[in-house]
Structures are given as structure tokens and as C-alpha cells.
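Chemist: Can you read through this structure? Questions will come right after.
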Amino acid sequence: ASFTVSLRTVDNVTVTVKLRSGILSSCRIRVKNFFRSELKIKPGENLTFAFTCSTPEKYFIMEIQKNIDCVSGPCPFGDVHLYPLGLPRLNRTFTWDVKASTKAGLELAFSPWLRQIEPGGTCPDFVSYNINSCIDTAIVNIGTFCRNGSVSRVKLLGGVVMSLHLPWNSHLTTSGFSIANRASIKRLCIIESILKGESSVTLMSPNYPRGFPEDELMTWQFVIPSSMRASVFFHNYSLSNCERKEERVEYYLPGSTSNPEVFKLSDSQPANIAGSFNLSLQGCDQDAQNPGILRLLFQVLVQHPQIDENVTHLVDLSKEWNMTVTIHLEGWPSRIPPMSEPICLICKDPRTCDRGLTLVSGASYKISFLCKDLSRLRITAEKGISCVDIRWCQRKIYSLSVPKAITQLPIQLHKFIWKLLAPDLISIEITSPSLKLQQHVPEQRCNTSYSYSIVSATPQTELNVGVFCPGGSIEKIQMRNNITISLKTFGKGFLNESNHQDLKMSFVPHIKDECTFTVRPDPKAKVYLQSPNGPYGLPPYVSISWYVIVPSKQVAHLGFSKDRMGITCETGRAYVNIKEETPGAEETVRREDELLPKPRNMYHDFWVNVSNCKPVDKTQLTLQFWVTFTDKQMDLGVILAVVAGAGVLMAIGVAVCCVKKKKKKSQNPMVGVYNTNVNTQMPGKQGLFKKGRKNNESHVYAVIDDAMVYGHLLKESNGLVAPEVDVYRPFDGPVGSLPPSPPPLSFRKDIKRSSNTEEPTSVPDTDHDTYTFAHLKSGQSEDNGDISEKNNGDTSTSLLENKEQNDLGE
């Protein structure tokens, strides 16, 4: 098909057809017998042309520009028409370049009204307007707009360059705007926006996101029914570097006695405005060397007055310290609800409202809600507790409970965060005296209305201790470093349960492990405990301990959820240590390359300690174990052992008497008789027992071999009850309340072992702290770290040999 374009000189219109930018095509424009890739038709020309392809809209665009001079001649006021007609169906851009004096401003009126979009955005129908203001040689982009919005008019100072972009398949036949002449507005521009009913409009400063012109002034006029309420929110802004004056916004508000009301861009902007108002943006004289950028993107929300807008709620934070409370819309500020959703605002006075409101401790607030559905609001609070004076804070117990000023509000508490900061050499202790805590693990999930998430901040990394809820068996958690506790609620049940919170914290002396748990399980329950940072695993070289309290008439059954630790160490060794809290108790130690202990009975309070190495690859150490309880029962083996022990005592008593009689008759003492005149006892700390062995004669034996008769009883009873005379167990010293430490550093290294033995190099004991349970006494040989179940074959023999060695030492 061929097209004929006839342009009148008086219209001053130029038509250009050219290839789209970046397109290479064999399609050409044919004018008579000539082929072109670009065609320009000037005013007064009449031209017929055609395309050499059937789909020219894929390759060509058309620009139609009309120049209007309102300075030297009269302006063609009124509706602006699309001229010329009969153009080919290509993507078209109509541009009207109107030159006007700054003493007589121009007004553009739109039908339908427009909606401003950010530069680079697209309109649903791909029909868009672009408005540029021209003052002398300076061009300022007022904005890009789509159809069907609230912007009804734009008034400009001086000339304007107005562009209309139409897609090739658009059937639009009118420009949609008209031009009128008005008096000078003495500012860059005025944008009028008419809002009817509940609605929202987003607008931007000229040249957005580039800078607003230096020392310029512009105004937005909002026409709002007096029965509605409007609120202004600044979503994105930046400031330039001013040499003179100050950047600001000014409001003319209905009913205000101090118009214009001046605000900084960083201030909370007016809200709940009844009726129409004006908003102006004023620039400043900028620094020539570093001007900076002044820009603003804001939103105006319009809603009906709320029934309870005059109902205030008192939030008294005057007695709180170092705490902030934020009331916000669900998902705010990361999520801004679309215009179709109901508006929900929080106000701390009739004019200061926002989707989020932050209150600080030390003051009282009267707040109100402009919200039809309060269930969409949430509360997030944060409180800091730190220790400045160690002498004072170590004697104080802090309550980690949500203040009533928060729980009494008709809004759901989303999260309450405590940030606990401890000085060097001071640790933090968390207790729950009455409720106790349950660890949230897959086998034992929390089903309460709230839970605590505990995170420890170490110098190198964060350690996620775990998620805990009330109603468990953990009564104390000690953390070596600063920690953050986050209380999170689920549903509305927390309002009723909040009165029973009993979480406490205090500052305690420094602990060696990263974390220590004190567990007092319910004798009728099965308790699952898991190492922190699950399922990602413990950080390298971190040690964790659990102290499990066993009731006096109960026996604890301890088992691990898997057979191995499941890691391979690159540096050092990973260990699991188990030891009962009783004098002479043996320690069970397992490395990462060994099987974890089988389920076993524990008759006293006991420790479980896990210490990590630096794993290879991405393997991580996670440990989970369980504890159950049964009533103690006296079995036949124990009874026989007790009877046998009584028999041995009687036999030894008779033997001692015989030895004494023979000693009086004999001139030469026997070789095996103890010589009380020689003090061979090594100096050391006084034990728990006040009467030492040197003050009695229980260690004197007449016939040492008789004790071998009872060795099989120890095997049958698994060594649980040991005779007090025939088998001697060396006393390990006072029993402390601190957890066992990992094995000495030498245990963490790869020790060269011979083919027949696994004896590591002996390490002298230099640390007498009761915290550890792997240290050796002076003169005592060191075992290979796997002693729990290897010597059960001949217990009495090895123990009697130990007795003889200790007797010689004394």
C-alpha cells in the first residue's frame, strides 16, 4: 500500500520516517523509483511513498513535530489535534514544541487524567505522555505519564515540549489534552491532582531521579473532598549540598493557623488532612564544586475518616530503659501494599501518621489507629541490656518479659528482641525457674503460642543456639559471649500466656565452653537435646556441654540418635565426653572416627560434652541425644556384691587381727606390712573425706590374693557397686559443678600409635581446675582416651594393681 502525506505550510509540521534504533533490515521506503531508509517531509510538501515489506511496523518509526510560537504570535489555544491524518500504522511520536514567555505561563489540561510513572516505566496500553518545561535554553523534564490517573492539569512557566507516544496498533484519534494561557505562576510548575474516594497517587519531583533544578520552586495541588482524609508519605528522597538557603517542603493545610507549615524532607509529613491542600518543594543555592542531588518521590493516600480515629491508647515507656517499640503494618517497610488494599495508619498525634511508628523508652505516648482491620498491624520491640559495673551487675537478675505497656495494646506482638552485652571475662546466664525451656527439634516440636530464638555472637561468627519454648526440661543456659534473644509469637494466645513469663538473665563469671545447658528432665518424659547451629553444624573448635540432673531414686538412660558424629577432621580432633558427677567416676571419650557409645544407664548427675575440630570439605558436626528415666531397682548382682563385700570385710578384719598378734611375737617385720613411721604421701589438696587413709589401717592386708575370689561379681554387676576394701579406686579430688573440658591439646593431634598399643604421649598435669575431667594426677599414667568399655574384662585385677601402686605412693 502507498501513503500520501500532504503538509500545509501554516501548520509548521514536519514528518520523519526512519528505521528503529539498532535495527538492520532490507525493508526500504520507496518514493517513485528511489529506495530510502529514511524519509523527511517538511511543511508545505506533498509526498506519496510505500514500503518494500509487508510489516514495516517492525522496522520503522514515525516522528511528527509541530512548532508553535506563542511569543511572536497568538497561541492556538484549545484542544490539540493529531495532524496529519492517514499516516501509516507505525509507532508514532507526536511532539508539540510550544515557545512562550515566562511572563505568561501555559496550562495543559488532560482528558482523561494522567498518572505519573518513573522514567523507563511502561504504560498498560503503551500510550504515554512526556512533559518538558523550557525556560530560555534550559529544559526540565516534568515527568512521564500514563492515561487514567489523577493528574488533571499541569501549569508551566515559559514554553513546553509535549510528546505523545502511540504504538503502531493504537486507534487513538485525539491527543487527549488542550492548551490554555494563564498568568505567570512564578515557579517552575504546578501539578494539579484530583482524588475522589479512597485512592492513592505517587508523584515525583521534576528531573527525577536526576536532580531538581537549583534554587527552583514547584507546587502540587491536591483536590480532595472535605469528607475525606489525606496523608503524605515520602518514600524516596535525597538532598543536595546547599551554600545558601535550605531545602524544604511547605504545606498549605485546611484549617491551619500557621500556613505555610514548613517541614524538612526528613520529617514525618502531615497526615489525616481534612480536605484539599498544597505541597511545595523549595531548592537552594548549591555548592558549585559538589552540588549533590535534590529529588523526591512521595505518595498521597486518601481514605474515609475512621470511626475510632479519636480513640487513643496510652503507651507508657517512661520507666523503661534502652528500648524501642515499632508499630507497623504487616510486612512493612519491605512491603508497601498496593492501592487496592485498605490503608492502615498509626498516629502519635492527629497530624503525624504513618504505616510504621517508632516509640522510644523514657516517654509516654497517646497513639491512635486509622485502620479498619487492626489484625493487619504488628509490634516489633527491641531492648538492650549491658553490664557497665561488674560489681553491681553480677548481683542483679534481669527479667526478660514483655512489658504490659505493649501487651495491653489491641495489636499482635510480632517479635521482642533482647540484646544482651557482657564485658570481657563475664558470661551470660539464662534461666527459666518455673516453666523451664524445651528445645525445638524435629522429634520434639514446640506447639506453644511463642518461642525464643537464641543467637550467640562470637568474635569470629554467629552461633545459632536454637529455638526454645516454655514447658521443657532446660532450666539454665550459660553463654560465653554476647547473645540476642528473639521472642516470636504465633497467633493470639500469647496475650493470655504473657502473664506467666519467667525468663531471667544474669551476668556470671566467665565459662570456658561456648555454651553450657543445665537440664532437669521430667522423670516421666523422654527428652531430646541437640547441639546448637543445627542443621548447619557446630563452628570449628567450639565446645558445648550439657549437665543432666538425675533424681535420687531414678536411673537415667542415655542414648545417641546416630552411631557416629559423621565428620572427618582436617585439623585437630572432635570428641564426645561423658562422665557421671560422682567421685571416682570413669570418663567415656569417643573421637570422630569412632562409634558413639551405646545406650547406657547413668546413676548420678552426668555431663555430656562435645568439642569440634576443623572439618574437611562441607561436613558439619551435629549431635543429638535423648534421656529417659526409670525407677532404681536392686538386682541380684548388686545384692551378691554387697554380701560379698561384707564377707571380704570380715575376712580382712580377721586377717588384720592375726597380723597384729604375729607382729608382737616376731622380731623382724614382714615385707608386706605397712610402716607407719615413713611418710611417703605426696603433698596435695585435702579431699572430701576428713579421715585419711593414713589414720586407719584399712589398707593393711594379710592375704592380698583372697580378693581375687570376688572379681567375677564386679563383672556381673557391670562394676556398678565396688567393694570398699578389696578393690581400691584412687580418689580424684573434690567434685565441682563445672562441666568437663575437652581432652588436653595433645589428644587433638594425630598421635602416632604402634601396632600393639594405642598409648599417647603422657602429658603432665598443670591445671588443677575442677572444670576438666580428663586431667591426670602426678605420677599416674595417661590412658588413650577410650577407657570406658575396654577394661571390663578383668576389673578386679587392674584395680587391685592400682591399689598397690597407690599404697606404695602413700
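Cβ from N, Cα, C; glycine included.
Pasting the relevant annotations from TrEMBL:
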type	residues	note
COMPBIAS	747-756	compositional bias 'Basic and acidic residues'
COMPBIAS	801-810	compositional bias 'Basic and acidic residues'
DOMAIN	3-70	domain 'CDCP1 first CUB'
DOMAIN	79-181	domain 'CDCP1 second and fifth CUB'
DOMAIN	187-290	domain 'CDCP1 third and sixth CUB'
DOMAIN	314-402	domain 'CDCP1 fourth CUB'
DOMAIN	408-499	domain 'CDCP1 second and fifth CUB'
DOMAIN	513-626	domain 'CDCP1 third and sixth CUB'
REGION	733-810	region 'Disordered'
TRANSMEM	636-659	transmembrane segment
Chemist: Restricting to CB pairs under 8 Å, which listed stretch, 79-181, 187-290, 513-626, is in contact most with the domain 'CDCP1 fourth CUB' (314-402)?
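Modeler: Answer, by Cβ pair count: 187-290.
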Chemist: Can you give the mean pLDDT for the domain 'CDCP1 third and sixth CUB' (513-626), rounded to a whole number?
Modeler: 92
Chemist: Per DSSP, what is the residue count of the domain 'CDCP1 second and fifth CUB' (79-181) in each of helix, strand and coil?
Modeler: 0 helix, 64 strand, 39 coil
Chemist: Helix, strand, coil: count each for the residues of the domain 'CDCP1 first CUB' (3-70), based on DSSP.
Modeler: 6 helix, 37 strand, 25 coil
